C-alpha cells in the first residue's frame, strides 16, 4: 500500500509543484489504484510514474474548485485510448455537481468514452460511510472551506491471521487439504488421533491501515474525527506559521494547524500537502521544523513522491 503525490501545490501550477492530485496504490490488496482529486496536468504527471490509467478504478473529488478538477476531463479522455480489452468501468465520488461537470465537458468537447462512469454525489445529508467493499470502508465528512468540501477516511478492514506452516508441519500435518482446513479455522484430527486446534497455528488478526486525506479547509473538528488513529494523515498546508488569519480568511490551514490536528487525532504520520508556490525548498524545511514542535513525525511532500504505508 502506497501513496504517490501527483500534484502538491495550491491554487495554480508552479515550476516545482503541480496542482492537487494523489493516488492510493492498492495493487497488492485489490489490484486497484484510487485517485484523490485531479487538477490540471494530472495526466501529464502520471506519465512520469508507473501508474497504469486502467488500474485507476475510483476517483474521489474533495471539492469543485478548478485546481482539484480541471484535469479530470482530460484524464478520462486519455484513459479511453487504451486497448479495448483493457477498458474498465470507473466510479467517481464527489460533491453534487461533479457529474454535471464531467458529462458536460465530455459532451461539449465531443469526446467518446468506451467505458462506463458511475457517479456517487454527496451533500450535507449524505456524509458518513460512503463506500464499503470486502476489504475497505471509506468515510467522508464536510470540512470548512469556502465551498462544500469533503475529507476522506479510508479504513482497511482487519487482516486475517497468518498460518504458521512450519509449526503445522512439525506436528505431522501433511501439506494439502488438511492445511487448508486449519487455515480456514477448522480443527482437525490426524490418523493417529492427534487433535490439531486451528487457533494454535493462526496468528491474531492484524489491524488494517487507516489513511486520511483532508481537502482544502480551515482548522475544524471534522478533520480530527476523520484522522482519528490514522496511520497517515495527508493535510493541506497552504500557509505557514504566523499566517493563521490569512488562512482562515481564505478557507485554508497552516502547517501548525495541521500539526495540531495530527496531534489531537493521535495520527502516526503527517504529510503536508497543497503548499503555496511561495514556499520553496528552504521554506518547506522550515515548515517541517515549525510543525515538528507540535507533531514530530511530519513531512512536506513533493510532486511524484511515493510514501509506503
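Using N, Cα and C of the backbone, Cβ positions are placed for all residues, glycine too.
The Zn(2+) 1 site in Swiss-Prot is built from 63, 65, 145 plus one of 216, 229, 231, 243, namely 216. Looking only at other Cβ atoms within 10 Å, the busiest spot among the recorded positions 67, 216 turns out to be 216. Summary of the Zn(2+) 1 site environment: with the site residues 63, 65, 145, 216 set aside, the chain residues having Cβ atoms within 8 Å of the Cβ mean position are 62, 64, 68, 143, 146, 147, 149, 215, 217, 251. Recorded residues residue 65 (Zn(2+) 1 binding site) and residue 274 (Zn(2+) 2 binding site) have their alpha carbons 13 Å apart, per Cα-Cα distance. Residue 63 (Zn(2+) 1 binding site) is 14 Å away from residue 274 (Zn(2+) 2 binding site) when you measure Cα to Cα. Counted within 10 Å of its Cβ, the other Cβ atoms near residue 145 (Zn(2+) 1 binding site) come to 22, all protein chains included. All protein chains shown were included, and the count of other CB atoms within 10 Å of the CB of residue 68 (Zn(2+) 2 binding site) stands at 26. Ranking the binding-site residues 63, 65, 274 by how many other Cβ atoms lie within 10 angstroms of each Cβ puts 65 at the bottom.
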